[in-house]
Amino acid sequence: KMAIRELKVCLLGDTGVGKSSIVCRFVQDHFDHNISPTIGASFLTKTMPCGNELHKFLIWDTAGQERFHSLAPMYYRGSAAAVIVYDITKLDSFHTLKKWVKELKEHGPEDIVVAIAGNKNDLGDIREVPMKEAKEFAESIAAIFIETSARNAVNVEELFQKISKQIPPLENPEGDSNESFKLTRQPAPSTRRCC
Amino acid sequence: PPGTQESPAETNQSPGETNHSPPEPHESLAETHESEPKLCGFLLKQGGPLKAWKLRWFTYEDKKNQLFYYRTPQDVMPLGRIELCSATFTYPLKAEKGTFHIKTPERTFVLKAVTQELMLYWLQQLQVKRWQHRQMTTCPDSPSNNNSSSTAGENTTAESHHFLPLLKSPLGLVERKTQAEGIMVTLCRVQELVWILHKALEASQLEKRTCAEFLAETGEQERLELLRHRERQAADLRGQLEEVKAEAEVLRKGLAQREAQLSELQDDIRMLTEKNKAKQEVRTAGGQVASRILWFLTASHPQDDIEAYKTQNKFLNSEIYQLTGLWRTSSEQEKSLMMKCAFLEASNCQVESQYLSVLRQLQETKSLDPDQREAVQKMVEDALKRELKSVVKLRMARDHDEYGFKIIPDYEVEDMKLLAKIQALEIRSHNLLHQESIECPLLDRWAQYLAGRSDDDLCASPELKGLLRVGVPQEYRQRVWSWMVRARTRTIREHHPQCYQQLCEKSRTSAHPASRQIELDLHRTLTTNQHFCSPSSPALQQLRRILLAFSWRNPAIGYCQGLNRLAAIALLILQSEEDAFWCLVAVVEAIMPQDYYTKSLVASQADQRVLKDFLAEKLPRLAAHFDSHSIDVSLVTFNWFLVVFVESLPSDILLPLWDAFLYEGTKVIFRYALALFKYKEDDILKIHDSVEIYQYLRFFTKTISDGRRLIAIAFGDMNPFPRRLLRNRRALHLDRLQGELRELEEQQKEFVTERAERKDKELDTVASEDDEEL
Ligand SMILES: Nc1nc2c(ncn2[C@@H]2O[C@H](COP(=O)(O)OP(=O)(O)O)[C@@H](O)[C@H]2O)c(=O)[nH]1
Ligand SMILES: [Mg+2]
């Protein structure tokens, strides 16, 4: 019997980069051109096998508009991983990504797995962010890097597989294997409350 | 002939028939064991490619409401039948007298009775039969219904009398044709008899002559003897002859009588054809009605034609009347069937939802063995595969409401599909059962309130508040909303009557920094609503102008994600771009607290803390449950407040909420938020896994089936809800939040300077990259 681990993941990034589309592609394998903009946040789950475990992703998708950033701590608090998405055709979105990396470093959970996703790679001809630059940046902060296309279902599954692999396996596999183990953390008292 | 001057409608018998009583021998044929005479008789039926008239024997069959026709009355196998239940009857005046049509959906039967009266008798009887049959089949089971409809049926027949009196005992008419045939047969028989007698007479005369010859030859005694014998014989024969003669005389008399009758009949026929010819002349005389009327006035028998038209008119009126009656009973029947069907569908939905609930519980039962578990899983999968729509489609199966919203929302829940389906079934069954009983009284109350009030008369009152809490009927919503919006924006609009137009002009000439975000969100607004789902829909253009105008009007906010939904709802209800703009202004600037949508949404965040306080107070058990599973409800409820539940609640609950919200303000949002938790408190308390709780919270608002109950909780169970308490708590939390915000800002400043330093390095790396590529 495989143990189920619940992994809280949050998606961060500028508005319109395709966060919700990535989640939608991953969870429902479906792409909607007019996906409703996320307000506040939305929540989806998907279970994926990883080694001899089942990873149940609890994906919090956040709103992108800057004024919603102050809500983000509610979402990345207790997260096992954060996916920071930028749009390869929007240089601005890459700058926002850097801001998120910094914020996670300062206020996020200590051993949070960070993944950087350069989305809309189907629009290569109007690319503004070179892949090399993004990749080097990711390496510099020891983050996962992948270019995705929610539209063409490119690398979306892989993104989450990479995250799965980075999650340290259960230390005590024979412990209580019947009960699902939760990797979500209670908010550390030191982390600042919302804002 | 003078007979035709009489209106056929006023006499039961043909003019030529008045002095004859109905022939006795045929009575038995025309009468059945029942009191009502059986409808049968000879009619000519037009048929075949040559449209020839053929004489057929017609009988009406009660059980199936059919008219059968046979070659002769003695035949067992009918040649065909006419279904009467959906047939209509009419007769043309142009055609030969006695012609009438029975139109069934499949074909038209052209029939002809010997006379016009007989035809009318047939038509009326057929109408009566059609009606009676309908009454019998409509409600054979319920006696109460039966009574009412049979009285209705009587009324109809009574009313039909009003159009055309029912012809009675016209059996003579039915038999007239047979009688004529009978006369011909007896005539033949009489002639035959006369011929036989003639032969007999000849033979006896011959015998007499031979006897006389014989007499001359033999002896006196024998001769005498013979003579006497012959004499006797002769006398006998003479007697016989007398008898035969008398009989022949009687027959001849009968024959004369019959012949007279026949000629009378022929006269009748001639008269009829003459009249017919005359009428055809009328038709051909001229196409124009005026000339025809002129002809009527000068023609030899204008009265006849007018009477004929009157009769036809009366008949057709009675036909229309009866058909209307039939249609009415049909539609009443349909309505009651629809209601029955709705009820059945509702109970079906309930049964299915209960079944699914049982499955859900079974799924969670730990004690099942693997086989059972597998069986349950299979049943669950089957149940989920079954489409909700597979239920008999009813009421033209409305998928969208008046505002273009889906009536049953989509649930995109992965792990809780079963629960989502249970909820959808419950909503459906609730809608089916309660729609009408709720809407009607509410409509009356509003009609009463608004009657005689002009829009400016609407003034704040406890009565209006109460009415708004239960919701405005769709008919009045636009009017009431536009009044509330005007009341909230009156001063601005009076100062700048052209405000909206100027703002639109401004957004045309210069681009607002928010326009990029507006464009991004525009096509993603209320995508499940019919009016917004198409990228080319005019509503989207209107929405763009409203949002751009607003971003110029309120620079502190510009555009905040979510405002698109507020404006879209306003546009859908108010149906006017400018009114919708003002509605947005009213919501954002007059109703919502300050800083609800500005930079860091502080006031929105403060409200989330206020909500948590209220939750702990009003629903302590639930608040403790959330705490113990470290559920942060604001992750879910933040949206509710920011966009006033748009896209979180089904439209039939959302719009009454907005009705009260536009009047009373943000307190309504709190009341509803708490009521939603209360409504599903027991369900939430049953879930003990934090992920599952979040999942449930994510979609449960769309599963509320009983809007009335929710309203009752919001405005009843949640009392007291003092305005002052809300205000104080808001102030408290806002103050705390702003303190935290200031701290964050300081940190951000640090970050900006740090980033500025880093930017130099970035430039370096870009430059070196270029170098490498070179
Ligand atoms: N061409 C392309 N468009 C995408 C892709 N992913 C998302 N989009 C579009 O980008 C827009 C914003 O997507 P959304 O998922 O709402 O972004 P979010 O605001 O980050 O959640 C939508 O119109 C999507 O159709 C992608 O991989 N390729
Ligand atoms: Mg989104």
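Going from the start of the chain as shown, residues are counted 1 onward.
Backbone N, Cα and C atoms are what each Cβ position is placed from, and that goes for glycine too.
Whatever TrEMBL says is automated annotation, not expert-curated.
Here the structure is a predicted model, which means the values were calculated and not measured.
Cross-referencing B:489-510, B:753-774 with TrEMBL places the feature region 'Disordered' at B:753-774.
Feature coiled coil, per TrEMBL, maps to range B:227-282 of the set B:227-282, B:283-338. Over the coiled coil (B:227-282) the predicted model carries a mean pLDDT of 82. Residue counts of the domain 'PH' (B:36-131) by helix, strand and coil are 16 helix, 40 strand, 40 coil (DSSP-based).
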